[in-house]
Amino acid sequence: MLDIKWIRDNPKALVEALAKRSWSAGEAQSTVDDLIARDEARREHVTELQTKQERRNAASKEIGNAMRSGDAALAEKLKAEVGDIKTFIQNGEARERELDKALTDALAVLPNVPLDDVPVGKDEHDNVVKHIVGKVPTRSNWVKEHFEIGEALGMMDFERAAKLSGSRFTVLKSGLARMERAIGQFMLDLHTTEHGYEEVIPPLMVRDEVLFGTNQLPKFEEDLFFTPHGEGRLGLIPTAEVPLTNLVREEITAHEKLPLRFTALTPCFRSEAGSAGRDTRGMLRQHQFYKVELVSITDQDSSLAEHERMTQCAEEVLKRLELPFRTMVLCTGDMGFGARKTYDIEVWLPGQNAYREISSCSVCGDFQARRMDARYKDKDGKGNRFVHTLNGSGTAVGRALIAVIENYQNEDGSVTIPEVLRPYMGGLAKIEAK
């Protein structure tokens, strides 16, 4: 959530930021004008309430003076005034809550402001290559896509998955099931033992306010799955970013404890409401998938350096797996709602003859912290400031499995197991059809 004081002082800058995110000039200007009007109405009302409270306090003292001087008529008149003010304040406090909610609701649908060095663009075609790692091999005529290989091995079953759950689900078996588990364990071990992340096993169902904190709600409600719980509901996490980031919600962290670095391997659940017709075959876009998430909580001075570090941690996964990839700087029009800057890591898939996203690493500034009320103590201990939050995939496990299958496939239909995964698979070197 953006700072209303910043908006008040920089309305033109916000209009320009929204335009960079592909808002029309008219929509951006009217939105900012509406926000400022809501803010002014709230501030005027609060000022009026404060004036009434001051008058009530003064009148209460005057009642005592009138009683002591024997002026009963004045005392009664003042008592009536105090009673009227009390009623006004009670109604006014309810109105203040309404104005607060209206302002918060308006702020909640505004995206974050991109950093100055983010390339301006409309969509993925305007993203910029940061660097390329690994050589893309010449495509052989026998190369297949992951689902063709998996089905031929008898270890990837989409038909039975559809019988169980419908479309966009997969049943993995035998060697491929074992390799997906190995990939997740390898990633966790790398991030915890070498990259300094603390492993967490979080809840997979969370409250609405937690989803609001990491900006899934209200904007992306249709992408989520919910289950009834008591008189309300719980949402299934679309990413472990949600519970990991919210670990610091409504807390004040000591400065010397920062940065906090968390990682988790969890299933993720997404309705893929906006993805009809995209990647309908295979495992690329699923309702349920495993992902290793990286989350960092930093002070306001360290977040940009932490963003570079986090991205390098995610890239290291692909380097160890010896998979070709490229890292992209997302343009303003393709960047996520809560991000100030995002790097997408795209792994090479020979079967598709294309790079596909496997990780997205974003720095959010204090955007999520304001929604969560997550702060830290200043170095001097005199004040509290909002933390900065970062999140990234370290990486998507299912997509890493896809990349391994396609890049390590052999002409006979077998899949060579990357060296780094073999200790997790009992020394096995190859997956073959039974």
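Note: Cβ is positioned from N, Cα and C throughout, glycine not excepted.
Annotated features, as they stand in Swiss-Prot:
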{"type": "BINDING", "residues": "THR239, ALA240, GLU241, GLU293, SER393", "note": "L-serine binding site"}
{"type": "BINDING", "residues": "ARG270, SER271, GLU272, GLU357, ILE358, SER359, SER360", "note": "ATP binding site"}
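This view paints the features noted in Swiss-Prot onto the structure.
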residue	record	DSSP class
THR239	L-serine binding site	coil
ARG270	ATP binding site	coil
GLU293	L-serine binding site	strand
ILE358	ATP binding site	strand
SER393	L-serine binding site	strand
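In sequence order, GLU222, ASP223, LEU224, PHE225, HIS287 constitute the residues six or more apart from SER271 (ATP binding site) in its chain with CB-CB distances below 8 Å.
Across THR239, ALA240, GLU241, GLU293, SER393, which the record gives as binding L-serine, the greatest C-alpha separation is 9 Å. Cβ contacts within 10 Å of SER393 (L-serine binding site), excluding its own Cβ and spanning all protein chains shown: 26.
Within the same chain, the residues at least 6 positions away from GLU357 (ATP binding site) whose Cβ sits under 8 Å from its Cβ are ASP344, ILE345, GLU346, ARG399, listed in sequence order.
Those same-chain residues not listed among THR239, ALA240, GLU241, GLU293, SER393 yet with C-beta within 8 angstroms of the centroid of the L-serine site C-beta atoms are VAL242, LEU244, ALA264, THR266, CYS268, LYS291, VAL292, LEU294, VAL295, ASN391, GLY392.
Checking the binding-site residues (THR239, ALA240, GLU241, GLU293, SER393) against GLU272 (ATP binding site) with a 10 Å Cα-Cα cut-off leaves nothing. It is 12 Å from the Cα atom of GLU241 (L-serine binding site) to that of SER360 (ATP binding site). Considering only the residues assigned to ATP binding, ARG270, SER271, GLU272, GLU357, ILE358, SER359, SER360, the longest pairwise Cα distance works out to 19 Å.
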